[in-house]
Structures are given as C-alpha cells and as structure tokens.
Amino acid sequence: MKPNIVLIMVDQMRGDCLGVNGNEFIETPNLDMMATEGYNFENAYTAVPSCIASRASILTGMSQKSHGRVGYEDGVSWNYENTIASEFSKAGYHTQCIGKMHVYPERNLCGFHNIMLHDGYLHFARNKEGKASTQIEQCDDYLKWFREKKGHNVDLIDIGLDCNSWVSRPWGYEENLHPTNWVVNESIDFLRRKDPSKPFFLKMSFVRPHSPLDPPKFYFDMYKDEDLPEPLMGDWANKEDEENRGKDINCVKGIINKKALKRAKAAYYGSITHIDHQIGRFLIALSEYGELNNTIFLFVSDHGDMMGDHNWFRKGIPYEGSSRVPFFIYDPGNLLKGKKGKVFDEVLELRDIMPTLLDFAHISIPDSVEGLSLKNLIEERNSTWRDYIHGEHSFGEDSNHYIVTKRDKFLWFSQRGEEQYFDLENDPKELTNLIDSEEYKERIDYLRKILIKELEGREEGYTDGNRLLKGHPVSTLKHIR
C-alpha cells in the first residue's frame, strides 16, 4: 500500500521557535525528535506572510501571482481546479482535514472527502448581519462540540482575548477542552473511522500559537517566570512610538508594556509546547493503530509572528520573524530511503509542499503546480533548485515586497519607497540595514533588478520595467475575483 501522508500545520509559528532550530528557551521534545530524525529545512519561507494567501500556496502549489492572493482578504471564493486534497482523493486516498482551513465559503471541501472545521475566531465569520453560511455557528465544528460539553452559552470570546491581540492569559476551561486538544481528538478518531482499504491523507491544522494567547495553565506557567530573551532590535528600528500605537491591543507596530510583552511570549511559547505534547499524543495513537512506520509527516507553519522584534507584531511583513517558518519531514519507517537527520539550506516556499507530498505518494503532479518537489533533494539526486523567493504583502502604508536567498534579503516598502538590505549569512537577526553600503551596492542592484522582473506586467503598476514604482496595492488579483 502507498504511504499515509500527514500534513501537520500550525498557525503563526516562527521558524526559530523549535529547540532543534537553536532556541534554547522553548521545549519542543516531540517536534525536535521528528526534525532530528527526519529532514529539516532551515530556509523555508512564505511568499505572502498571512493566513489566507499562505494556505492558498499550500492548497494549490502555485505562486501568489497565479493563485491570486497577495494580501489578506476574506470572502473571495476558492475555485481552484487542482488542490493537494483533490489529487490525493483522485489517487485513491481517504482524505480528511481537521482544524483550520480559512477558505471561502468556509465549508468548501477543496477536494477533501470530509472536513472537521475550526478556523478560530474570525471577525468575518462572526458578522451577525452576514449570510448564515458565514456565521460561526454554521461553520465551526469545534464550537458545536465545545457547547455540547459546557453548555450552549459558552463562546470563543469568554476569556476576553481578541484573536489578534498581544494580551495573554491561561485558558479558562479544562485543558482537554482546548481547541489544540480537539484537533488531536478528532485526528485520532479519524484513525478509527478511516477506510482500512485505502491509504490516507490527513491534514491536522492547529489554530495556535496564533492569538488568542491562551495556553492551558500548565503550559503558561512553564514560561511565565522564565527569563525569556528580549525582542530583537535592529539599528534601523523605530525606537519611538509617537502615535501610541502600542496602546492598541491589536497593534501591528509600536511599543507595548514590557511586562505584557513578556507574558505574551510566555503564552506564545506555552502554546507551542502544548501543541508539541499533543502531537506526541497523536504519534502514540498512530503507533497503536500500527500505521506509524507507513506514514510520512510534513510539519509547517503558514507564517510567523514578529512578537515585538524591531517593535513589530503579528505578520504581513518581510522580516524573518514574520516570513520564515519551521519546515521538516519525518519518515519513521524510512520509506524515502534518504539520509535521515540532514539539515538543508535550500530556499523553500509553501508552494513546494503539494508537489513534494504528491511525489512521496507517486502521484502525478498537475501542470498548474509551480512549486518544486523536495524528493530529489532528500534522495541526494542531482537536481537544480531556485536561487530566490519573491515575497510580498499588500498592507496599506506598509505594503511590501522582498527577494530572499539563502545568503541575503532585499526589501522594498512600495508605498513609501523605502528599501532595506540584510546580509543573512552574517546577520541572521536582521540587526543591520546595509542598504547604503558601498560594499553591497552591486548585489543590491542585482536583487532590485530581480524584483523588477518579478513585478513586470502586474496590475498594481509596481514597475515600468526599469525601476520600481509606488503602484496601487490590492489584496486579491483580478483574475480570481
């Protein structure tokens, strides 16, 4: 039988928030084991660092220019012909998604045989004046289950935390009722009810560590008194907050109270460790069903979280905290016959997930897919690889584009004409902006020309073919509206 495939996806987890990736403060024993015994990719990025566009890349294997989502916009239909789930389904796999999809309409199967949905608190879905199909009671299976357990009056907002806020506190109910546990509950139940005559493709999609920052008390307490590192602060960062943006509990940039920021990081780390332990629980269950050694796992996040670095928060911007993600493959049965424990430095993007997993299952990759399969890299066959990724995000005054390679990164904020350049080999924390350095002028010109070429013909008018122009940012390109 073909291998089972499990795609484990978390939301808003930074690439540096794994012990195996050099973080000495966080405890991620199961994830560290999986990455250490598998194949770890240290230069994985999202081309559009927010939820919807990142998930479109994973779902379709396309670049953002092709799937059409270059910023954050709810309510735009998902009508892609070829998806990762549809290809597995057509190839005879039993397909299931549990947790976050963040598509529209919310109950769009997108090729899965079944979905058990929890997108978290979405302002768009909570619009009480909207269509019934977009109201959360109609499209959140976790909330239905939660109310069956605790009564019809309980809600996702009971502990008073917004879904984008830096405010944090422990989960207000029993640990086993947390959404993170629910994803694993339902994933284990899928092992019971799956078709035993077919291999399966399971997407386990956690809402955390995305806000609300509400891990169960045990996990919050693990970190709340620890001396966690201060946020990174580049020489280019705005050290002032004249407009008091940090007073906004949902701020994207600004300066917030140090105690509150320390609690936020404790809750963020706690949420990740909680996910780690629950993934450990799933591994135990999969072993009990006798399927562990016939299963290949891919672990990834949709994007990261600035968590106060350079006085920025959340995501949507090109800096490492927002754009770089954890990405590893775990193959306990050594079905891939590769050199396990290897760390790769090739530049990856989320569009590479679909062709990689289809390749693992010996399924044909549709012509619409623009990502690259990692199978040849893992098998150490001679293969060419991309030199860079073009990333972007429409974001009002902070709309941005970037070119990132394994050695450096060029950034352009289109609406204010600001450029930055970081030598990631020598400055992986992006502490020194070298845009005015004569030493790097030739390299910067080269990367700028790459960006101009990437943006040629785009409807926003970002270039005339010779230079970068301010343009008119949009969140969704016309061809998918």
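Any Cβ shown, glycine's included, is placed from N, Cα and C.
It should be emphasised that the depicted structure is a prediction, and the values quoted were computed from it without experimental measurement.
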Exercise. With ASP11, GLN12, ASP302, HIS303 listed by Swiss-Prot as binding Ca(2+), identify the candidate in CYS51, CYS251 belonging to that site.
Key: CYS51
Quiz prompt | recorded positions compared (HIS102, HIS303) - highest count of Cβ atoms within 10 Å | solution = HIS303
Quiz item: Which whole-number value in Å describes the distance between the Cα atoms of GLN12 (Ca(2+) binding site) and HIS102 (active site)?
Solution: 13
Practice problem: Might you list, by sequence position, any residue in that chain lying six or more from ASP11 (Ca(2+) binding site) with a Cβ less than 8 Å away from its Cβ? | Solution: CYS51, LYS100, GLY120, SER205, PHE206, VAL207, ARG208, PRO209, HIS210, SER301, ASP302
Quiz item: When you average the Cβ positions of ASP11, GLN12, CYS51, ASP302, HIS303 for the Ca(2+) site, which other residues in that chain have a Cβ within 8 Å of that mean position?
Solution: VAL10, MET13, PRO49, SER50, SER54, HIS210, SER301, GLY304, LYS315
Quiz prompt | Where ASP11 (Ca(2+) binding site) falls in three-state DSSP terms | solution = strand
Practice problem: Look up CYS51 (Ca(2+) binding site) in the DSSP assignment and report helix, strand or coil. | Solution: helix
Self-check item: Residue, out of the binding-site residues CYS51, ASP302, whose Cβ gathers the largest set of other Cβ atoms within 10 Å
Solution: ASP302
